[in-house]
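**Student:** Sharing the record's features from TrEMBL:
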- Lys61: active site, proton donor (ACT_SITE)
- Asp10, Lys32, 59-68, Thr122, Arg183, Gln192, 212-213: substrate binding site (BINDING)
- 4-228: domain 'Orotidine 5'-phosphate decarboxylase' (DOMAIN)
Amino acid sequence: MSERLIVALDVSDKEKAMDIVEELKDVVSFFKVGMELFYREGPKLIDDLKNLGLKVFLDLKLHDIPNTVARALKNLIDLEVDMVNIHALGGKEMLRAAYLVKDEALKRKGKAPIILGVTVLTSMNQESLEQVGFKIKLSQLVAVLAKETKEAGLDGVVASAQEVALIKSICGTEFITVTPGIRRFEDANFDQKRVLTPKKALELGADYLVVGRPIIAASNRRLAAQKYLEEMEGVLHGAL
Ligand SMILES: O=C(O)c1cc(=O)[nH]c(=O)n1[C@@H]1O[C@H](COP(=O)(O)O)[C@@H](O)[C@H]1O
């Protein structure tokens with residue numbers, strides 16, 4: 001069991017999500033609930049997962065004006081999740097507003113989730129950035145957004161593992177990196193463009209690896225998760 005593997009519950013309803021949790025809960029303790037599932041099942045599902053003693057990353061990628069993000073974030077923090085994210089492209093003021101909400105929650109409750117800035121989606125590459133008008137090099141944009149997130153006082157970023165070394169060199173090793181777009185060598189990329197293997201991601205310093213379809217769409221999910229964990233443990237125990 002490694003808390004550093006986060007399995008994305010990208011399914012449409014609670015029944016399907018709980019089937020996956022049931023199959024994996026002996027080997028995986030951290031699950032991600034995204035828009036698809038949360039928009040249908042809402043806060044009750046978060047309670048159910050927390051009551052099973054699991055950690056929850058609530059991935060709703062907030063992106064709005066500072067006031068709206070701050071107010072929404074307060075509600076998410078009150079769900080007692082362990083991790084949430086907001087788009088760093090929302091700007092300095094928005095990131096700072098998020099930090100102030102976290103700070104207020106820490107004072108009020110004595111605890112608050114890890115709050116991450118999403119840098120550039122792992123489904124994008126240099127070409128996709130140019131298509132939406134960005135002339136900057138992708139890794140440079142990730143670096144700018146990570147630096148803004150750090151300066152606002154937030155805990156870390158979501159980025160591709162390909163940028164982890166750069167982010168850590170700018171923001172320090174304590175700044176958390178959560179990396180989706182993780183694929184074992186034999187797994188399909190689907191819509192992910194910036195991918196790396198679990199082994200490489202951990203070697204570069206990624207703190208948490210997010211994996212969805214290669215595990216949840218596998219015919220034997222437990223075996224699929226175990227293969228990811230084995231590859232990770234090889235690095236964590238210095239055996240590879
Ligand atoms: O914030 C995220 O979790 C996220 C950010 C990002 O840049 N890319 C990304 O894939 N994700 C999420 O990570 C998961 C990856 O799923 P798979 O591609 O199926 O492994 C999905 O639930 C995405 O919503």
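Backbone N, Cα and C atoms are what each Cβ position is placed from, and that goes for glycine too.
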**Student:** Hey, how far is the residue listed as 'active site, proton donor' from Gly212 (substrate binding site), Cα to Cα, in Å?
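**Tutor:** Rounded to the nearest whole number, the Cα-Cα distance is 17 Å.
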**Student:** So which binding-site residues out of Asp10, Leu60, His63, Pro66, Thr122 are up against ligand 1, CB under 6 A?
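**Tutor:** Only Asp10, Thr122 qualify.
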**Student:** What is the average pLDDT across the domain 'Orotidine 5'-phosphate decarboxylase' (4-228)?
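**Tutor:** Summarising the domain 'Orotidine 5'-phosphate decarboxylase' (4-228) by its mean pLDDT gives 98.
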**Student:** If you draw a 10 Å sphere on the Cβ of Pro66 (substrate binding site), how many other Cβ atoms land inside?
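**Tutor:** Other Cβ atoms within 10 Å of Pro66 (substrate binding site): 17.
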